[in-house]
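Heads up, the thing below is written out as structure tokens.
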Amino acid sequence: MHKIADKLMQVEARLQQASQLAHRQRDSIALLAVSKTQPAASLQAAFDAGQRDFGENYLQEALDKKHLLAAMPICWHFIGPIQSNKTRPIAEQFDWVHSVDRLKVAQRLSAQRPEALSPLNICLQVNIDDEASKSGVAPAELKALAQAVLALPRLKLRGLMVIPKPSDDPAQQRAAFTKARQLQDQLNQTLNIELDTLSMGMSGDLEAAIAEGATIVRVGTDIFGARN
Ligand SMILES: *Cc1c(COP(=O)(O)O)cnc(C)c1O
């Protein structure tokens, strides 16, 4: 069997075990294959093994691979930092954006989303550990950003995305994900909305994320192997 197909099966087994432990349905959690720096052939191998959602971080690299795989019915997610002068191809060519952390970017994505396409699915990236150097909206500014994004006609606000500080300690991993879930609960209550997406959990911490309610886990290394 192809190595990528094999690894996908191993990740699938982890997802099943983690969802069972959390008393959740397996199908309440989507697997996003994070394919940054991987060649199109690796995405093709994952696609052939049944994977349909792919996440990319670097715009030009993503567009090159999209072009090569144009015949495939892939759901494309942009998950990397966004320069505000490069929003148009994201608005035109992606189905989801997980890394929106400021209003200017959201406004441009909405204005540039083609009328022929459904509204762009958006997660707000939250700087959950409040690290000075990290991207993501500060928790204290999340509500105002969410309100402004909700008013943009060509975006569909779906939820939050977080990248906690890496940790090997399951308790510490879980604490950051708890915070994300609580922030989303608060938003839903105070704004009377129903955000349904928590994009959290990667190769090293997907079990903790699923225990805290992740609905999309973003896995790179454990599907495609280590990146250079
Ligand atoms: C690279 C990346 C991932 C995947 O990380 P792995 O540890 O390789 O699973 C997930 N989310 C984002 C935003 C990333 O940049």
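Cβ atoms are placed via backbone N, Cα and C, with glycine included.
Record features (TrEMBL):
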- 10-227: domain 'Alanine racemase N-terminal' (DOMAIN)
- LYS36: N6-(pyridoxal phosphate)lysine (MOD_RES)
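Here the Cβ of LYS36 (N6-(pyridoxal phosphate)lysine) has 17 other Cβ atoms within 10 Å, regardless of which shown protein chain they belong to. Mean pLDDT for the domain 'Alanine racemase N-terminal' (10-227) in this predicted model: 97.
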